[in-house]
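Visitor: What follows is a single structure, and I will ask about it in a moment.
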Amino acid sequence: MERTNDSMLTEFVLVGLSAHPKLQTVFFALVLWMYLMILLGNGILISVIICDSHLHTPMYFFLCNLSFLDICYTSSSVPLILDSFLTGRKRVSFSGCMVQMFLSFAMGATECVLLGMMALDRYVAICYPLRYSVIMSKNAYLPMAAGSWVTGLVDSVVQTSLAMQLPFCTSNVINHFVCEILAILKLACADISINVISMAGSNLIVLVIPLLVISISYIFIVTTILGIPSTKGKRKAFSTCSAHLTVVIIFYGTIFFMYAKPKSKSSVDADNQDIIEALISLFYGVMAPMLNPLIYSLRNKDVKAAVKNMVGRKNSDGI
């Protein structure tokens, strides 16, 4: 372990997979490919939604926000991860670490709230189809999206500010690929009870409440779908929300698996668990954003048609 006698750290050391050099090469190629797919997939989805007037609806407005979020979230951490795979133990300045932590936390918190807003949108579309355009007007969905961003940013400001005030006087080594807030709190040599309470409040606001909103919305959605007499009608209604439900399961499933499992008391097992947690966090941070555009495009006829139209227009312009 690298130690420092100074309570004011100037840098952190990201361990990552430095103890497994062969894995670093494999993961570098894999993560780089996934990151390029994230930029390409989400970039295309955003372009299609903006260019096709038929997709200028609340659902696709939220989806556009989700894709932009995924690009921002991965761009705040993946370049640092790739660099750590090339250099082994990566040294990051204290300020740089805090900025990266702020951006990653803000984007993650915003996505949690945004998924809740998207569930409300699907609830109104399925349960009140005739009033959908009236209820989900611009005056409704614009503040809903803005509220998601503001909640995530404010939450991140609070958590990052509290973490910056902590003294780190025993170690500056982070057993992670990035400056992840829980990994940083483990290094503090002071009472972190305020941080723990604040994180609990944050989890309630950006994790539990949106998950409750999603759960209650889908209870009503399923009840409404089961009441549709025709099989074709049921299938069509379910197809409009199946993509969102798939994304929610991947997103929240990874989070709860990462933070809800019991901690090991053995120091050796604890180190191994830190690596496992880091790999799961990597999956959460890269795999889910890569799958989101695929899930929404493969399961959505409107997006498929819009992509075909855009490609057709480009081909005709080229001719």
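These residue numbers are counts, starting from 1, taken along the chain as shown.
Placed from the backbone N, Cα and C atoms, the Cβ positions cover glycine too.
Unlike curated entries, TrEMBL annotations are predicted automatically.
Pasting the feature list from TrEMBL:
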type: DOMAIN; residues: 41-296; note: domain 'G-protein coupled receptors family 1 profile'
type: TRANSMEM; residues: 26-48; note: transmembrane segment
type: TRANSMEM; residues: 60-82; note: transmembrane segment
type: TRANSMEM; residues: 102-120; note: transmembrane segment
type: TRANSMEM; residues: 140-158; note: transmembrane segment
type: TRANSMEM; residues: 204-228; note: transmembrane segment
type: TRANSMEM; residues: 240-259; note: transmembrane segment
type: TRANSMEM; residues: 279-298; note: transmembrane segment
Visitor: Who are the chain neighbours of the transmembrane segment (60-82) in space, where the CB to CB distance is under 8 Å and they lie at least 6 residues beyond its ends?
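Guide: Counting only partners 6 or more residues beyond its ends, the transmembrane segment (60-82) has Cβ contacts under 8 Å with 14, 16, 28, 31-32, 35, 38-39, 42-43, 45-46, 49-50, 90, 92, 100, 103-104, 107-108, 110-111, 114-115, 117-118, 121, 141, 144-145, 148-149, 177-179, 247, 282, 285-286, 288-289, 292-293, 296, 302.
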Visitor: Would you report the average pLDDT that the model assigns to the domain 'G-protein coupled receptors family 1 profile' (41-296)?
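Guide: Averaging the confidence scores along the domain 'G-protein coupled receptors family 1 profile' (41-296) gives 85.
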